[in-house]
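Copied from Swiss-Prot, the annotated features are:
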{"type": "ACT_SITE", "residues": "93", "note": "active site, proton acceptor"}
{"type": "ACT_SITE", "residues": "338", "note": "active site, S-methylcysteine intermediate"}
{"type": "BINDING", "residues": "113, 117, 120", "note": "[4Fe-4S] cluster binding site"}
{"type": "BINDING", "residues": "160, 161, 190, 219, 220, 221, 295", "note": "S-adenosyl-L-methionine binding site"}
{"type": "DISULFID", "residues": "106-338", "note": "disulfide bond"}
{"type": "DOMAIN", "residues": "99-323", "note": "domain 'Radical SAM core'"}
């Protein structure tokens, strides 16, 4: 089966020409595929195409999408989690997060995750496989269709480690930027940090995208190596100081600041001495710390840092000259928040 989702306008023009059609037929497919207001769900719906051409595309197994909707969960704050099934009977989750002026799509890059971070539900079932470009992009279509709103922002913070699927990730970003008309500056890629991959991300971004303007978010979650190894098993292979050094180089190469994600775990990493340690670790280059509230999962007994303690931690960082904010949790009552995505209700 050949998926049209992810094809550029030139790709679609070439397909049209290969079937004896004029190039503008490819542009018509492109418009019906990516234009939010005119989007169709199947080849049959593109009634501006000749019937013969539509039949040819269907007979050659051309598709508009890869996924099917299994379940949807609406949180009290309007956050929508979708459980989607792949063609090989795996399951993946994505989340639509609405605010007054925008709709953020939280996308998955893999089915499951190999990193096994102790505070995250996704890694509890391990990695099944990486997602294809069409499967990543199809999540956007489902969110827009279910929420009747165009996606304005993208965060690769769903299931999986994006840098372990870097080729499909960058092709997806290119399509999101060029075909879905979402600026790179409205895209965030979150990674637990893989050895040598931060520099590779910078290098390949310039090769594939021509520029590197999306936000890189490092799931740091600790102020020292000992704590990080205790909650992130893969940290044993990549020392925290080496991560920061690679981030400094990334900023020099791209001109883009790095965001450090810091999940606050009560009694683990939330003391003021940890704030001081963190500020000393990351000071002196263009970065931002995003403090995150812990969202409960069944398998572990971590506790949320009390709000008062979190505010003191934030103030301590700010007083040290660190750019810092506190991310409000969304969708936790339907297990749609950070760290709660998994392969729920998988079809057997």
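In case you wondered, yes, glycine gets a Cβ from its N, Cα and C as well.
Checked against residue 160 (S-adenosyl-L-methionine binding site) by C-alpha proximity, the recorded positions 93, 106, 113, 117, 120 yield 113 as the nearest. Classification of residue 117 ([4Fe-4S] cluster binding site) by DSSP places it in coil, neither helical nor stranded. Mapped onto three states, the DSSP output places residue 160 (S-adenosyl-L-methionine binding site) in coil. In this structure the alpha carbons, written CA, of residue 93 (active site, proton acceptor) and residue 106 (disulfide bond) are 9 Å apart. Taking Cβ-Cβ distances under 8 Å and a sequence gap of 6 or more within the same chain, the neighbours of residue 221 (S-adenosyl-L-methionine binding site) are 117, 119, 228, 231, 232, 261, 262, 263, 265, 269.
Of the recorded residues, residue 106 (disulfide bond) and residue 190 (S-adenosyl-L-methionine binding site) place their C-alpha atoms 11 Å from one another. Taking the Cβ of residue 190 (S-adenosyl-L-methionine binding site) as centre and 10 Å as the limit, one finds 22 other Cβ atoms among all the protein chains shown. Cα proximity to residue 120 ([4Fe-4S] cluster binding site) (within 10 Å) is found for the following binding-site residues from 161, 190, 219, 220, 295: 295. In sequence order, 161 are the binding-site residues from 161, 190, 219, 220, 295 with a C-alpha within 10 Å of the C-alpha of residue 113 ([4Fe-4S] cluster binding site). The DSSP secondary structure for residue 295 (S-adenosyl-L-methionine binding site) is coil. Other Cβ atoms within 10 Å of the Cβ of residue 161 (S-adenosyl-L-methionine binding site), summed over all protein chains shown, number 27. Over all protein chains present, the Cβ of residue 106 (disulfide bond) has 28 other Cβ atoms lying within 10 Å. When averaged over the domain 'Radical SAM core' (99-323), pLDDT in the model lands at 96. Put simply, the two farthest-apart Cα atoms among 160, 161, 190, 219, 220, 221, 295, the recorded binders of S-adenosyl-L-methionine, are 19 Å from each other.
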